[in-house]
Structures are given as structure tokens and as C-alpha cells.
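As recorded in TrEMBL, the features of this protein are as follows:
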- 4-69: domain 'Golgi pH regulator conserved' (DOMAIN)
- 12-31: transmembrane segment (TRANSMEM)
- 139-278: domain 'Abscisic acid G-protein coupled receptor-like' (DOMAIN)
- 150-172: transmembrane segment (TRANSMEM)
- 205-228: transmembrane segment (TRANSMEM)
- 240-260: transmembrane segment (TRANSMEM)
Amino acid sequence: GILSIEQLISRVGVIGVTLMALLSGFGAVNCPYTYMSYFLRNVTDADILALERRLLQTMDMIVSKKKRIAVAHRTMFQRGEVHNRPTGFWGMIKSVTTSVPGTENLSLIQQEVDALEELSRQLFLETADLHATKERIEYSKTFQGKYFNFLGYFFSIYCVWKIFMATINIVFDRVGKTDPVTRGIEITVNYLGIQFDVKFWSQHISFILVGIIIVTSIRGLLITLTKFFYAISSSKSSNVIVLLLAQIMGMYFVSSVLLIRMSMPPEYRTIITEVLGEL
């Protein structure tokens, strides 16, 4: 019926799987880009010093022009132009069309100050980005950095392989009968020719892998959603955001259970299928 658990799970799963696909796609691109040294641009101390020098020169120019504006305002105040300034429409026209000798064009200088302040903001952001890149280069030279760099290459290859296999499965409408862990152990054992209890160890390794996938994926989801909700939340929308977060977490959990079946041995995979239905 329309209210059966299979119908409801299938509709929730569509949204949840789509959300997982978006987050996985973002993670698959962002994580290697963050940790792999291949994507790091070469930044030297000379580049940072040159940009900082430009930033200091821009700040000096801003201070100099603001000082000119302040001196011009003081001069106008001393001449009484601030208190005796004509009012009304004709007074505004007269103040614009006439200028007092020796005074600065304050509107033009203020426009230059605004442009320089925008330039200083951009230079500051570029300087901060260069410092962050320099820190990433130093971090990539450590043991942990080399470890994450290796994982970046490994999971990039794994991601391409998963995309290829998923495309094959969709085109030929087939479902994998063997989970990836069991298949990988069988290939390794046959290639090395060692005695190994594939059935016993594949179950334990599969459940460990599934646990790691659940914990890391939910943790990544919470971190991503927390950053997003911090950016858009307010005192009026907090209750709505908490409700939306609970709904997304529910859909994400159901979708994780649906997709994790493929990482489990067939005898345990059928248990989830009996609970959630033939989806």
C-alpha cells in the first residue's frame, strides 16, 4: 500500500541518496585538492614579502589621503564654511558649482580612498591565502602530510573505479553479488597464494569498514551542515533550522543503510533487505 514502509523508505531514500551524492561529490573533489601536494602551487617567502609590501604601500596611501581629507575639513571649519554653509536647494547648487581656492576636491579623494580600501581588502585576502598555502606546503613535508597525500592518490583512483563500476552496473542493470572487501581479499589471496580464511576475515573487515564509513560520513555531514547553518541562522530561524537538520539526518541515515548493503556479505545483506523491503 501507499503507507507501507517500503513506499516511504523509497521516497525518503531518493532525497537522501541525492544528498549523499552531492556531499560525496564535494568531498571527492575537495579532499584531494586540500591534501594532495600535486595541487599546491609553489609559494616562496619572496612572493609573500612582495605582496605584503604592496599591502603596506596601499595602507600608507589610504592614511595619506584620509589625512588630506581631515586637513581639508579642519581648514573649512576654521574658515567658518561648515557653520555658514548655505542651505536649501539653491545653496546646494552653489556649493557644488563653486569652489574655494586652496581647498581639496573631497569627493574625488574619497572615491580614491574607497578604491584603495577595496584594493587593500583584496591584497589582504591574497596574503592570507599565500600564508595558508605556505603552511600547507610545510605540512605536506611531514609524515602525516605524506600519509594524507598517499591517501589522496589512493582514494582518487578508488573514486574513478567506483564511478566506472557504477556506470557499468547502471547500463547493464546488474547488482553486485560480492562485497568489495571479500572480492579484494580473494584477489589478494589468489595472487599471493597464501593460506587465508577469506570467509571469516571478510566478515570482520566488512563490518569494520562499514562502521568507519558510517562514522566518517555522518561526521562529515554534521561538519558541513553546521558551517552552512551558522552562515544562515538567526534567532528567529533557529527552530526551523534544527527541524530541518533533524529531517536531513533522518534521510541521510536511511540512505546510508540502503547503500551500505553493497559493502556487506550477502547473508547479512538480506537482513537489511527484509527490514526495508526490496528496493
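Cβ atoms are placed via backbone N, Cα and C, with glycine included.
Keep in mind that this is a model prediction, so the values were computed, not measured.
With pairs at least 6 apart in sequence, the transmembrane segment (12-31) and the transmembrane segment (150-172) have 3 or more Cβ pairs within the 8 Å limit; the two touch.
DSSP assignment over the domain 'Golgi pH regulator conserved' (4-69) gives 59 helix, 0 strand, 7 coil. Under DSSP, residues within the domain 'Abscisic acid G-protein coupled receptor-like' (139-278) fall into helix, strand and coil as 117 helix, 0 strand, 23 coil. The average pLDDT the prediction assigns to the domain 'Abscisic acid G-protein coupled receptor-like' (139-278) is 77.
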